[in-house]
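K.L.:
Sequence annotations record features per position, and here TrEMBL assigns transmembrane segment to B:15-37, B:44-64, B:95-117, B:123-145, B:166-191, B:220-240, B:252-280, B:300-319.
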Amino acid sequence: MTTPVLELRSVDKSFGPIDVLHKISLKVRAGEVLCLLGDNGAGKSTLIKTLAGVHKPTRGQILMDGKEVSFDRPRDAQDMGIATVHQFGGTFPLMSIGRSFFVGAEPTKGWGPFKIYDRKKANEIAVKAVQDFGITRVDDGDRLIGGLSGGERQSLAIARAVHFGARVLILDEPTAALGVKQAAHVLRIVKEAQRRGLAVIFITHQVMHAMAVGDHFAVLIRGAVAADFVKGQKSREEITDLMAGGETMADLEAQISSDLATADGHPSPATL
Amino acid sequence: MTNLSIGNLLRRPEAGAFLGMLAVILFFLVFGGVNFLKPAGIASWLNVAANIGIIAIPVGLLMIAGELDISIGSMIPAGSMIVAILSGHYELPMWISILAVLGFGAIIGTINGLLVVRTAVPSLIVTLGTLFAVAGMVLGLSVLITGTTSVAIKAPALYKAIFGQFIGGTYQVLILWWVAVSVVSVFYVHYTKYGNWIFALGGDRESARNAGIPTTRVTITLFILSACSASFVGMCQAILFNSAQVSAGMSYIFNVIISVVVGGVVLTGGFGSVVGIVFGTITFAVVNQGIYFTGFDRNWSSLIIGVMLLAAVLMNNTFRHMALNYAPKKK
Ligand SMILES: Nc1ncnc2c1ncn2[C@@H]1O[C@H](COP(=O)(O)OP(=O)(O)O)[C@@H](O)[C@H]1O
Ligand SMILES: [Mg+2]
């Protein structure tokens, strides 16, 4: 089997006395989508921030291509090919598509003090990169990021990461704020990134979205990996139950109806 | 080409500023007559515009980057006093004074920049501190060294020609400096990668840093530019009027900020343009001076400026909104 692009071995993360992550061990290979599922507060964001170089692990190892790595700042992780796309994708709403695509890596032409930003080239490359991902509605690199839909912004951010040679793509709840159609859009792009051989870590708490693209799933509960399984091993209900922390959906329904029953003093209707 | 379509023009940051400028010029043409567009009339507002404009560009860039610098209010008299004390009182060569003026700007700019970058204190408060600190220092030192708050300076002809003369008896040479600063700024802000960095900084500092932009260096550089521009203008004023006053400059804080905002720079950062700032400066100067060409009492100009500022802020929001939502029509 191939060496995982990225691997976590027994990673702990504490903020002072607060232990947020416990003994997290995970692997993701090239061309594989790892879905990280978990309820709010489970530690998903903390985990990806640790991978992105925002936090340093308190204990444990991060390995890339089998070799241990350590990131002092987000830039280090980026230089190693780990790209993180945050929930709202483009973070420069008032910048043009071309300009924000190349922020910090602007293409220039000319010489010496007269080196100018190559707007035409930047726009062409940016527009082409997004269109290659199937977003044909984006055709003008001068448009502002803030004028794009949430899905288009996510797509642009993913296209950007791929363009700049990312090997690992981390997506923090990219579909959370999106409507059904937009979310489908983003999921298609996740598949496309995977097809291009990227290792994708896809964070979500929507089981449907995870099942649509995931090869490998990990459920995080209170900072620990509660389950780790591959596609086809568990049904949607089982995953949902896992995320709810062992309580099954059936338990939850029973709980709710008994609450209702005691609340208004009537016996719960047996048939609904 | 599509570049000339109305939609493309209207989504530019200077669109509102340009319309505002036209409106104001039209207003004073109607109420003040054509005198105000004749050479002497033009000089009256162009001189005011040049003095404000040289400072408004770097301050506007700071605002695009999400920061503010009000210490310019005391950097102007600082520049005046440095040149007057060194070359007037001590009779040192002018080039030493010029270096000292710009050097002092660089020092205060660096202090402002470092404090803003290293602490979480908003730049308004940091520069409010340096505003008073520099004002106090300039006043204290002037009195200590010269015994007065107003110092005379007689610059050699060459320096007067370059920094402080009336061309044709009416136009300040500072106008040429303003044009030069504007042209260089348009180039660097809109046609090089550095401009992109400034906009990114104002959009989101954290992301800008993660994208590899040297945010600390850019911020400090911008503060140095604004401090130096103010001390430079102060120096030129002293050379022009052959004397320096400790107390000149506080009104510039408001005038510069108004010009920048009227010029379409969004207060929260990330959006604006150099050309817009130039339009905003002209608009401000026209209102400020145009009132003399009308039959109205001078006091009304403040009312117009106030209303104009509010209108500009509202309009900026509208234009920004249009820019955000603008999509080219499908063929
Ligand atoms: N910087 C921090 N300092 C202290 N506690 C933190 C910090 N960041 C996150 N936490 C805590 O870690 C837990 C997990 O948070 P988070 O990773 O954001 O969860 P998720 O993204 O799964 O919703 C939360 O209880 C949160 O309060
Ligand atoms: Mg989260």
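Using the three backbone atoms N, Cα and C, a Cβ is placed for every residue, glycine included.
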K.L.:
So which of B:44-64, B:123-145, B:166-191, B:220-240, B:300-319 has the most C-beta pairs under 8 Å when paired with the transmembrane segment (B:95-117)?
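P.N.:
By Cβ pairs under 8 Å, B:220-240 leads among B:44-64, B:123-145, B:166-191, B:220-240, B:300-319.
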K.L.:
With contact taken as 3 or more Cβ pairs under 8 angstroms (pairs 6 or more apart in sequence), are the transmembrane segment (B:300-319) and the transmembrane segment (B:220-240) in contact?
P.N.:
no
K.L.:
Considering pairs 6 or more residues apart, do the transmembrane segment (B:15-37) and the transmembrane segment (B:166-191) have at least three CB pairs under 8 Å?
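P.N.:
No, since the transmembrane segment (B:15-37) and the transmembrane segment (B:166-191) share fewer than 3 Cβ pairs closer than 8 Å, they do not count as touching.
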K.L.:
Thinking of Cβ pairs under 8 Å, which stretch from B:44-64, B:123-145, B:252-280 has the most of them with the transmembrane segment (B:220-240)?
P.N.:
B:44-64
